[in-house]
Amino acid sequence: MHSSKRMGQYPSLISVKCFMVLVCISILSSAILASGHPLTLDYYKSTCPTVFEIVRKEMECQVLSDPRNAALIVRLHFHDCFVQGCDGSVLLDDTISLQGEKKASTNVNSLKGFRIIDRIKNKLESECPGIVSCADILTIAARDAVILVGGPYWDVPVGRKDSKTASYDLVRENLPGADEGLLGIISKFLYQGLSVTDMVALSGAHTIGMARCVNFRARIYGDFEATSGKNPLSDPYLSKLKSICPATGSGDNNITAMDNVTPNLFDNSFYHTLLRGEGLLSSDQEMYSSLLGIETKELVQKYAEDPVAFFNQFSESMVKLGNIRNLDSFVSGEVRKSCRFVNT
C-alpha cells in the first residue's frame, strides 16, 4: 500500500541506477521492435476488405447491449500487448501442452470479453477464412470500443500474426499492479518502448474502467483521506466505496467504476478525479500525488484542463501500444482458426 509517507520518500541510489538501466533497455527494445515487418493500413485490402466493417458492426452491438463491454476489450488489448507484444497470447485457453495467461493472478477474475472476440472471429472466418489474425481483431476492436463510448478515432495498422505460445510468468512481471509504486510502473512502460507521457495518457482509459475490491481495498482504507485532503465532499464517496469493499472478509470481486462521475463515457473526467485526490487505485493517484511524479503531475493537470490534448495523445499512444511486437510471431506465427487455441 502506498501511504502518504511512502509517497514522500525519495528513491535510493540503487533504485535510480536500476531505473536508468531500464531506460537503456527500453531504447534498445524500441530499436529491435522497429526492425520487424511493418504493419500497414491496407494489409487486408485485397484479402479481406470488409474486416474493419465487420469488427465495427459487432462492437456496435456489444457496446449497445452493455457500455461496459468497451472497457473489457480495451483492457484485454492492453494485457495482451504487455506480454509478448500484441500477439493474441492473452486469448489462449489452457491445454495439456500450453499454459495460457488467463489464470495468472493479475488476469484471473479480471479479464472478460473473450466471447466478444470469439463472435467477431467467427464472423470473419465465415467471410475471409484463415486471413485475419486474432491479434489484429483485438487491436481493431479496442479502437472501435473507445470510439463507441465517445473517445477519439485513430488509424489501426494491421498485419500482426498470432503467437503459438503464451507466458503465464510474464503476466506478473510485465503488467503494472494496482498498488505498485510510480517508478516501478514507469519502468514497465519504458521496457515496452512507451514513454511517461504514454503511460499517463493510456491510464486515461480508466475513465471507462471498473476495478475489483481486492485492487482498491488497501487504497480506501489507507491514504485515500490524505490525498483527498480530508475533504468533507469526499466523505460520501469514500463511504460508498467502503460499503462496496469491506475491510475484511468477502467482497474481493465486488466492482465499482474508476471514474464515478461519467463511468460509461470516454472523457477526461478521470484526471479530475486524480486532482481531487480521489483516484480509486493507488497506482493512478500516485501519478498526481507522489513527490516523485513531477512530470506525471504536470501531464495529469494538462489532460484535466485540455480534453483535446488528452484525446490526441491517447490516440498516438494507442498506436504505439498496438505496435509492440512479438518478433517470434512474425517468423513462426499463424492466423488461428479459433482465438482460444493454437492451430493443429
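Each residue, glycine too, has its Cβ placed from N, Cα and C.
Remember, TrEMBL labels are computer predictions, not curated facts.
Because the structure is a prediction, the values reported are computed rather than measured.
Sequence-distant neighbours of HIS79 (active site, proton acceptor) (same chain, six or more apart, CB under 8 Å from its CB) are VAL90, GLU101, THR106, ASN107, LEU111, VAL171, LEU175, listed in sequence order. According to TrEMBL, the active site, proton acceptor annotation covers HIS79.
Counted within 10 Å of its Cβ, the other Cβ atoms near GLU101 (Ca(2+) 1 binding site) come to 26, all protein chains included. Summarising the annotation, TrEMBL assigns Ca(2+) 1 binding site to ASP80, VAL83, GLY85, ASP87, SER89, GLU101.
The Cβ neighbour count for PRO176 (substrate binding site), using a 10 Å radius and every protein chain shown, is 20. Annotated substrate binding site per TrEMBL: PRO176, in sequence order.
Counting every protein chain shown, 24 other Cβ atoms lie within 10 Å of the Cβ of HIS206 (heme b binding site). As annotated by TrEMBL, heme b binding site applies to HIS206.
There are 17 other Cβ atoms within 10 Å of the Cβ belonging to THR262 (Ca(2+) 2 binding site). Residues or ranges marked as Ca(2+) 2 binding site in TrEMBL: THR207, ASP259, THR262, ASP267.
Sequence-distant neighbours of CYS48 (disulfide bond) (same chain, six or more apart, CB under 8 Å from its CB) are LEU124, GLU127, CYS128, ILE131, VAL132, listed in sequence order. Taken from TrEMBL, the feature disulfide bond applies to CYS48-CYS128 (among others).
The disulfide bond annotation in TrEMBL covers CYS81-CYS86 (among others). Contacts of CYS86 (disulfide bond) defined by a Cβ separation under 8 A and a same-chain sequence distance of 6+ are given as HIS77, ASP80, ALA135, LEU138, THR139, ARG160, LEU321, GLY322, ASN323, ILE324, ARG325, ASN326, in order along the sequence.
The Cβ of CYS339 (disulfide bond) lies under 8 Å from the Cβ of GLY88, LEU91, LEU92, PHE114, ILE117, ASP118, LYS121, CYS134, ILE137, ASP162, each on the same chain and at least six residues away in sequence. Per TrEMBL, disulfide bond is recorded for CYS134-CYS339 (among others).
Under the heading disulfide bond, TrEMBL lists CYS213-CYS245 (among others).
The domain 'Plant heme peroxidase family profile' annotation in TrEMBL covers 38-343. In the predicted model, the domain 'Plant heme peroxidase family profile' (38-343) shows an average pLDDT of 96.
The Cβ of ARG75 (site 'Transition state stabilizer') has 23 other Cβ atoms within 10 Å, all protein chains considered. The site 'Transition state stabilizer' annotation in TrEMBL covers ARG75.
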Subject >> CB-centroid shell, 8 A cutoff, Ca(2+) 2 site THR207, ASP259, THR262, ASP267, site residues removed >> reply: ILE208, VAL261, PRO263, LEU265, PHE266, ASN268, SER269, PHE270
Original post:
Could you give the Cα-Cα distance between GLY85 (Ca(2+) 1 binding site) and THR262 (Ca(2+) 2 binding site), in whole Å?
Top reply: 31
Original post:
Nearest to HIS206 (heme b binding site) by Cα distance: which of the binding-site residues VAL83, ASP87, SER89, PRO176, THR262 is it?
Top reply: THR262
Subject >> Euclidean distance between Cα atoms of VAL83 (Ca(2+) 1 binding site) and PRO176 (substrate binding site), Å >> reply: 11
Original post:
Cα distance, ARG75 (site 'Transition state stabilizer') to THR207 (Ca(2+) 2 binding site), nearest Å?
Top reply: 12
